[in-house]
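As structure tokens, the structure follows; a few thoughts come after it.
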Amino acid sequence: MKRIIAPSLLAADFSRIGEETQRAIESGADWLHLDVMDGHFVDNISFGPAIIDAINRSSDIYLDVHLMISRPDHYLPRFIDAGANMITVHTESEHNVANTLERIREAGCDAGLAINPATSLDDALPYLDQIDMLLCMTVVPGFGGQSFMHEVMPKIEEAVRIREQRGLNFQIQVDGGIDASTAVPATQAGANVLVAGSSTFCAPDMAAAIEAIRTA
Ligand code: DX5
Ligand code: ZN
């Protein structure tokens, strides 16, 4: 599967969100990863649909929205209206997962399903035929700049085996602690969508950082 690099806006300078989005695009980003945190599902608050709507109106980049919120089902229409292209929800949130995924696709968006490092792949198995992407978190969600958890790699390898067995074609995303060195085990395990916050936005040369992850 094609390797996709998705810089996470969480590591950008929030006083210049428009310019930071432009900088990511000019540096070769394939997608822009947007981390929505509600201060309840995770211990941090980031931004919501108004910011995503503003980014959508000022650029054409594919918007990969990662909902780290307790009630994704309740807020879904607002993120759809804001222009999300992919909406990823967690199995650990309080919602009917099958129903939420169905609504995402009905709205014409791609559907992603995320599992935390401590969550077994078993929890995602009932939904694999309903998703375009499986997100295997490689840090405990909530903050950028944490260390990549190598112990998640067997879960990715297992997801690849099951995808093959069932004849499915969802992409596999990793998120947390990705840079040019951790991209190696992640892609070897079978991930093809790489989210990278600090290692791209905080790099002295963002284009070089993205290229290094792409060719790692
Ligand atoms: C973590 C977020 C990540 C975060 C990654 O809760 O879901 O997307 O921005 O940041 P880095 O790449 O710095 O680990
Ligand atoms: Zn994320």
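Placement of Cβ uses the backbone N, Cα and C atoms for every residue, glycine included.
No curator has checked TrEMBL annotations; they are predicted automatically.
Since this is a predicted model, take the numbers as computed values, not measurements.
Copied from TrEMBL, the annotated features are:
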- ASP35: active site, proton acceptor (ACT_SITE)
- ASP175: active site, proton donor (ACT_SITE)
- SER8, HIS66, GLY142, PHE143, GLY144, GLY145, ASP175, GLY176, GLY177, GLY197, SER198: substrate binding site (BINDING)
- HIS33, ASP35, HIS66, ASP175: divalent metal cation binding site (BINDING)
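Cβ proximity to the substrate site centre (mean Cβ of SER8, HIS66, GLY142, PHE143, GLY144, GLY145, ASP175, GLY176, GLY177, GLY197, SER198, cutoff 8 Å) flags the following additional same-chain residues: LEU10, ALA11, ASP35, VAL139, PRO141, GLN146, VAL195. The two recorded residues, HIS33 (divalent metal cation binding site) and SER8 (substrate binding site), show a Cα separation of 4 Å. Straight-line distance linking the Cα atoms of SER198 (substrate binding site) and the residue listed as 'active site, proton acceptor', rounded to a whole number, equals 13 Å.
Proximity to ligand 2 (Cβ under 6 Å from any of its atoms) holds for none of the binding-site residues GLY142, GLY144, GLY177, SER198. Other residues of the chain with a Cβ within 8 Å of the Cβ centroid of HIS33, ASP35, HIS66, ASP175, the divalent metal cation site, are ALA6, SER8, LEU10, LEU34, ASP64, THR88, LEU135, VAL195, GLY197. There are 18 other CB atoms within 10 A of the CB of SER198 (substrate binding site), with all protein chains counted. Spatially, by CA atoms, the recorded positions ASP35, HIS66, ASP175 include one closest to GLY142 (substrate binding site), and that is ASP35. Over all protein chains present, the Cβ of SER8 (substrate binding site) has 25 other Cβ atoms lying within 10 Å.
The Cβ of ASP35 (active site, proton acceptor) has 24 other Cβ atoms within 10 Å, all protein chains considered.
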